[in-house]
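**Q** This is the feature table in TrEMBL:
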ACT_SITE  HIS11  active site, tele-phosphohistidine intermediate
ACT_SITE  GLU89  active site, proton donor/acceptor
BINDING   ARG10, HIS11, GLY12, GLU13, THR14, GLN15, TYR16, ASN17, ARG61, LYS100  substrate binding site
Amino acid sequence: MLTFSLTVVRHGETQYNKEKLLQGQGVDTSLSEPGLQQAEAAGLYLRELRFSNVFVSNLQRARQTAEIIMRNNVHSSGVEMVFDPLLRERGFGIAEGQPKEDLKNMANAAGQSCRDYTPPGGETLEQVRLRCKKFLKSLYQRMVDDHSCSGQSSAAVGTEAGAGAAESGTDGPLAGLPDDGMEGVPLHALVVSHGAYIRVAVRHFVEDLQCSLPQDLKMSKVLSACPNTGISRFVLTVSPSESGPALSAVRCVFTNRKDHLTSRNICYITH
């Protein structure tokens, strides 16, 4: 068995985010000035964590965010960033580049909710979920390949104690610290992706994988939209199976955290 924590970060703000325009996959914009500041704030917040692996959407806004986070990190300078198209934003077809209000109007005209509506040429939520599942399968394999024979202690490769870390710890209050949920879990992967994709991924963890949740975390918070550079964390245990490493336990530590985006922190960066 192998236990590791997974920190998921949404990219920083772009001009399209500010103007409430849909980006999807076809619009590959860079971070705005506030987005760069948000990424710096996230990097400073996460700077003391030791990332063993980093996986990033290959779209520019995610790449920039990940590069800034890793540039600030004091322990992970030699870690390779893997740019994976499976982590791209949901495709919105003909609605990309258009105001989000246009998507609502399209959905209303089709008699559907905006969340469930797929514009022509876009990805359905089910297609995004399948893409997420494919990424997770590759993530499990990569973590096992990189770490199960690395000469670490047995605790580092997921003994029963390590698996317990993924299953327990849901009742105690969080300290609000960057390393919340990582005690006793020596491996730590970072993922940088996109808002709609992250929302689908979190729903997959909770609804399909029966992820355990902190008692004080409301479901509305868990499944809410992730803000720019919002941070979520899960602890996962994978076990061997005939078809490769498979998830055996998953725990949610927190979702959509934005402590680093206080006006005080942003002001500190700009000065």
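Quick reminder: no glycine exception, Cβ is built from N, Cα and C everywhere.
Neighbours and distances for these, please.
**A** The Cβ of HIS11 (active site, tele-phosphohistidine intermediate) has 31 other Cβ atoms within 10 Å, all protein chains considered.
A sphere of 10 angstroms centred on the C-beta of ARG61 (substrate binding site) encloses 28 other C-beta atoms.
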**Q** Among all the protein chains here, how many other CB atoms are within 10 A of the CB of THR14 (substrate binding site)?
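**A** Result for THR14 (substrate binding site): 22 other Cβ atoms within 10 Å.
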